[in-house]
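These come from TrEMBL:
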- 59-299: domain 'G-protein coupled receptors family 1 profile' (DOMAIN)
- 45-70: transmembrane segment (TRANSMEM)
- 77-104: transmembrane segment (TRANSMEM)
- 110-134: transmembrane segment (TRANSMEM)
- 154-177: transmembrane segment (TRANSMEM)
- 197-216: transmembrane segment (TRANSMEM)
- 248-267: transmembrane segment (TRANSMEM)
- 279-301: transmembrane segment (TRANSMEM)
Amino acid sequence: MNESAALNESGVGSPQSSWLEAEAFDANQTLALSSAALEYHVNPWDIMLCLSGTVIACENAIVVAIIFYTPTLRNPMFILIGSLATADLLAGMGLILNFAFQYLVSSETISLITVGFLVASFTASISSLLAITVDRYLSLYNALTYFSEKTLHYVHLMLVGTWGASLGLGLLPILGWNCLDDASTCSIVRPLNRTNLTVLATSFFVIFALMLSLYFKICKIVCHHAHQIALQQHFFTTSHYMATKKGVSTLAIILGTFGASWLPFAIYCLVGEREYPSVYTYATLLPATYNSMINPIIYAYRNTEIQRSIYMLFCGCFQTKGSYRSRSPSEV
């Protein structure tokens, strides 16, 4: 006990405070969680974020590999799904690296780099969701001209805008938009200052509003198409009703999952102060990371073509050599 007390007093063996905490631990701002973090030298919330990042990275790495190595998955929809999976993969890796750097080689420079990396990754993930929403709207609104070079050109422009804006926002803390020189300007996510975090939160609300508007228009188009089919066949069958209901419920699940994951953290970014207990930041940020965990399930693993590619991949791995050689190149 004396040795551990000496280590705590000297600061050896314990990492610097987390990048989610506005200030170092002191007598006035500690939580019940803080004493546990000091006792075990590792914040349990950081462990949960690291585990979340590991699951996110594994899930999305499979999606990225399948889309990259499957030539048939080259249409606009799968390009955007690949962009989303890449952004979520980078976000998962960022959470893992943040945990490693924080407890192994913690420094202000590395903190800026990891926070900027996470900002860019999660911004690219949210922006990719908006791009997918725009693509789905265009596929319904311009159904006759959707499969054309013009659509592919739009997709490339959306990708450039998505990743360009994400990289720009991620570089802001590194370029000086941080609170390292003035702790009074720190936000709930150190070393981001309040202005930077407000810009990020406002950008999220703008994207969320655009997605709501587009999905509302998509619902109107789907219902209109179902009504037109019913008029042509002179009656509205149960299958038409079920298909329309399934489409609308799917959109509700997409928006509900996205909103439930990110809205608490985005709202807290606007109303939270650096003096508030860090547990509030952890409790709102952790569900936000779950969105990157759910994205591959909603947008990739439920797709029949990706399911077929996964099936072919694992069947090829576990089949015997004889059965593998008997398959033709086209089947592979």
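From the backbone N, Cα and C atoms, a Cβ is placed for every residue, glycine too.
Ranking 45-70, 154-177, 279-301 by CB pairs under 8 A with the transmembrane segment (197-216) puts 154-177 at the top. Counting Cβ pairs under 8 Å to the transmembrane segment (248-267), the stretch among 45-70, 77-104, 110-134, 154-177, 279-301 with the most such contacts is 279-301. With Cβ pairs under 8 Å as the measure, the transmembrane segment (77-104) is packed most heavily against 45-70, out of 45-70, 154-177, 279-301. Averaged over the domain 'G-protein coupled receptors family 1 profile' (59-299), the predicted model has a pLDDT of 86.
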